[in-house]
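First the structure, in the form of structure tokens, and then the observations on it.
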């Protein structure tokens with residue numbers, strides 16, 4: 001629900017903010033100690049502190065009874081894979097998410113290097129190694145600051161827009177929809193397409209303007225961090241969530257930020273050939289960036305497909321979580337799809353498998369099932 005979305009937003013602040021802080025801390029330590037290796041060693045020290053804090057303050061709250069119940073309902077890994085492969089919303093959103101991670105990984109790896117090649121060009125230098133330490137540190141620090149602020153803004157904005165769209169508040173009062181998570185993911189990814197293209201074209205022209213547009217590019221791409229996780233949690237049954245999370249992490253790293261920088265770098269090297277000048281490096285990198293930029297287009301399409309398949313997979317999720325309440329799953333999905341989720345409450349009538357009561361505001365009709373597993377009968381009951 002809303003509380004889960006809020007917690008996911010707070011948790012996923014760590015990815016863009018941590019990435020930005022990595023550039024800032026690394027460049028600062030390098031400039032202070034005069035050795036880039038200490039920029040990496042400093043992050044290891046922070047990792048050790050986090051490990052100690054995790055050991056001291058994070059505890060497993062599951063009881064033995066809960067663990068036994070979980071073990072009884074847990075399916076095999078092969079069964080999880082088969083089930084997830086049939087879940088269209090999960091599969092399309094996972095591949096779309098992987099494509100976006102491919103782009104963000106490429107951005108974080110190559111954009112600071114590309115900016116240094118342009119600075120070397122502007123100073124008529126033969127190599128980026130001839131740049132002063134201050135210029136290198138400043139460009140890395142600036143990129144880290146942009147990543148941290150825009151990442152924070154992107155995660156918060158994406159989660160907020162998804163909440164407003166699903167609840168029909170403010171400007172979304174005429175179009176509330178439960179498909180808000182995939183829609184916002186698609187919108188954020190779509191923002192990245194023209195802004196990434198503009199950044200690459202503007203870096204050699206006006207680097208300050210390019211940095212401003214880069215802020216909006218990273219902000220849009222960061223819409224997906226919390227909303228995508230909230231999306232798959234809404235359509236994957238709880239006993240398969242661990243498998244779903246593992247698959248999404250594996251694919252997004254292996255095919256995303258793990259391979260993206262290498263692929264773009266290899267394409268750049270192939271285009272550049274034997275020429276080693278900063279201008280040759282920049283020209284080849286700017287052309288290779290088009291590959292990453294183009295991947296955002298199918299990512300947008302896949303998120304749109306996820307929005308179309310969401311109601312069906314959401315209904316299947318509701319049935320899987322409580323098979324004895326099939327009618328409730330159907331009605332709840334219909335209510336969400338109709339955009340009435342914020343005005344309709346579903347509460348149990350008594351401790352029996354199926355009966356529930358649907359509480360509507362005055363302008364809607366109340367419905368109450370007359371017996372377990374029966375068709376819902378409409379009752380004219382106006383408050």
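Glycine residues also receive a Cβ, built from the backbone N, Cα and C atoms like all the rest.
The shown structure was predicted, so the numbers you read here are calculated from the model rather than taken from an experiment.
Sequence-distant contacts of the transmembrane segment (6-26), counting only residues of its own chain at least 6 positions beyond either end whose CB sits under 8 Å from a CB of the stretch, comprise 36, 39-40, 42-43, 46, 108, 112, 140-141, 143-152, 154-156, 159, 218, 222, 225-226, 229-230. The transmembrane segment annotation in TrEMBL covers 6-26 (among others).
Feature annotation from TrEMBL assigns transmembrane segment to 38-58 (among others).
Residues annotated as transmembrane segment in TrEMBL: 90-111 (among others).
What TrEMBL lists as transmembrane segment is 141-161 (among others).
Residues annotated as transmembrane segment in TrEMBL: 181-200 (among others). Remote same-chain residues near the transmembrane segment (181-200) are listed as 89, 93, 96-97, 100, 103, 107, 111, 154, 158, 161-162, 165-166, 210, 213-214, 216-217, 219-224, 227-228, 230-231, 234, 286, 289-290, 292-293, 296-297, 299-300, 303-304, 306-307, 310 (criterion: CB distance under 8 Å, separation of at least six residues from the stretch ends).
As annotated by TrEMBL, transmembrane segment applies to 207-226 (among others). If you look at the transmembrane segment (207-226), the same-chain residues 6 or more away from its ends with a CB under 8 A from one of its CBs are 5, 8-9, 11-12, 15-16, 97, 100, 103-104, 107, 111, 115, 118-119, 142, 146-147, 149-151, 153-155, 157-159, 161, 184-185, 187-192, 195-196, 198-199.
If you look at the transmembrane segment (287-310), the same-chain residues 6 or more away from its ends with a CB under 8 A from one of its CBs are 88-89, 92-93, 95-97, 99-100, 102-103, 106-107, 110, 114, 178-179, 181-183, 185-186, 189-190, 192-193, 196-197, 200, 231, 234-235, 260, 263-265, 267-268, 271. Per TrEMBL, the feature transmembrane segment maps to 287-310 (among others).
For 362-383, the entry in TrEMBL reads region 'Disordered'.
What TrEMBL records for 370-383 is compositional bias 'Basic and acidic residues'.
The list of residues near the transmembrane segment (141-161) in space but at least 6 beyond its ends in sequence, with Cβ under 8 angstroms from a Cβ of it, reads 5-6, 8-9, 12-13, 15-17, 19-24, 26-28, 108, 111-112, 115, 180, 184-185, 187-188, 211, 214-227.
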